[in-house]
Each structure stands twice: as C-alpha cells, then as structure tokens.
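Asks: The structure follows.
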Amino acid sequence: MGRPPPCAIQTWILLFLLMGAWAGLTRAQGSKILEGQECKPHSQPWQTALFQGERLVCGGVLVGDRWVLTAAHCKKDKYSVRLGDHSLQKRDEPEQEIQVARSIQHPCFNSSNPEDHSHDIMLIRLQNSANLGDKVKPIELANLCPKVGQKCIISGWGTVTSPQENFPNTLNCAEVKIYSQNKCERAYPGKITEGMVCAGSSNGADTCQGDSGGPLVCNGVLQGITTWGSDPCGKPEKPGVYTKICRYTNWIKKTMGKRD
C-alpha cells in the first residue's frame, strides 16, 4: 500500500485520447455535491477552499498544519487557502485565510493534457501554519485502500444542480458508496487506472463542478480526492472518480517530510 501506480501512459490510453473518447465524460476543470444537503457546520474540519482573489477555484483537504492536499489540475499561479469555513458569504469564527507558498504536483501528473486524469494529486504548502482546533484540524491519511460497498462522505461548495450550475453559499455533504474497480471500469472503459477509485449512489449523489480537490472520507479517514466524472454530473451509472489516496500515501508523507 502507498506505492503510486506507474507513471508510464499505456499506448491504448493515448489512442483513446487521440480519438476523443473522453469527450463529454470529464468535468475535472474546476470540478458540487448533487443529491446532498448542507453539512452540519464545521463537521468536516479538514475541508478547505482554494481561492484566487474572491473566486472559488477548488476544494482541498488539510493534512498537516502547513499542508493541504488537492487535485493537481487545481494549481494556479497565485492563490490562497481558506480553512474553518462553512458559509462563503460570511466570515465564520474559526475562518482563516493563508497564502500558498508552494504547489507540488505529483511528478507523473501530465499538466499538458487536460484529458489525462492520472496522478491528479497535489500538495500545497502554506506560507504560515494554521491555527488548529476542533473546527480546523488535519485528517488522517488512508493506509489501507477502501472496501467495496463502504459508506463514505463527500463534501464541497460545488454546484448543486447539473447541467445548469447553481452554487450554494454553504458547505454541502452527501453519502456515497465505494464501487468495485470492475464496475468503475465498465462505467468509464479504458479510463480508470489503479490510482483511481469510484464512488456513487443509486440516487445520483455526486461531486460536480467546483468540488475538485475535495475529500472522500470513509470512517474518518481520507480515501480519495475529487478529480473527475460524468458531465452532466449525478448519473447513478456514472459515479464520481477520485484519486485513490492509499496508492499515494508514501509520496505524500515523503514530500511533506522533506520540507518540514
């Protein structure tokens, strides 16, 4: 566990890309919580929001007092991280905003091809340490991979309707279940790697535009980072796709350890 999948891109994946087989199936850029509800305020104390000025870019997950985990495609030239937030319209008591000091994409992430979602994971080092407490605290990283059928929580400020977009002011949550790798591959033929995990529900609960980089939490442990899925979102037969944390634990810990 913890070893990332190989960086090499298989020839058949490249053929899919060249043929445009991904058209209409991805939503990673910016990538709600469909069929969810408002989270209990500060029940997800590891949830963060990435902002470029006043614009929400992505979600993120606090994994250390100076470290946030998110999707690699969320990287921007200059942006900040908000912690302890619930309502984006008003300042919450525990809310903190810290500038990003450094963005470290996984070395195998292909930033030149927006259709390639492999290794879509990134560590953000904050300029200053976060003030930790009950409403702002890091989450534990998965050492073991999630089990099929396991119930998990997804959260974010992304759109709550699709294809029309309607962004909420408050953090939304929904319950999903882990899909088998075979079921995931049947939903997205030729597009799923061992570094990805699918999760969804029969009622269409799903992440969507604006949720990229946010957490998939199972039994209080971080098992996934929101990356991509179907467009429109919320199709029961087309689950959300997440970067599988258990495959990257070693890289995460090694990268954080080098700079702490």
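Numbers run from 1 along the shown chain.
Even glycines carry a Cβ here, placed using N, Cα and C.
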Asks: From the candidates Cys39, Cys233, Cys246, select the one that Swiss-Prot records as forming a disulfide bond with Cys145.
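Replies: Here Swiss-Prot pairs Cys145 with Cys246 via a disulfide bond.
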Asks: Quick test of reading the record: Swiss-Prot lists a disulfide for Cys208. Which of Cys108, Cys152, Cys173, Cys233 is on the other end?
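Replies: Swiss-Prot annotates a disulfide bond between Cys208 and Cys233.
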Asks: Which of Cys152, Cys198 is the other half of the disulfide bond that Swiss-Prot records for Cys184?
Replies: Cys198
Asks: DSSP three-state call for His73 (active site, charge relay system): helix, strand or coil?
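Replies: In three-state terms, His73 (active site, charge relay system) counts as helix.
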Asks: Tell me the Cα distance separating Cys152 (disulfide bond) from Ser212 (active site, charge relay system), rounded to the nearest angstrom.
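Replies: Here the two Cα atoms are 16 Å apart.
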Asks: By a simple count, how many Cβ atoms lie within 10 Å of the Cβ of Cys74 (disulfide bond), its own Cβ left out?
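Replies: I get 27 for this one.
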Asks: If you measure Cys74 (disulfide bond) to Cys152 (disulfide bond) at Cα, how many Å is it?
Replies: 23
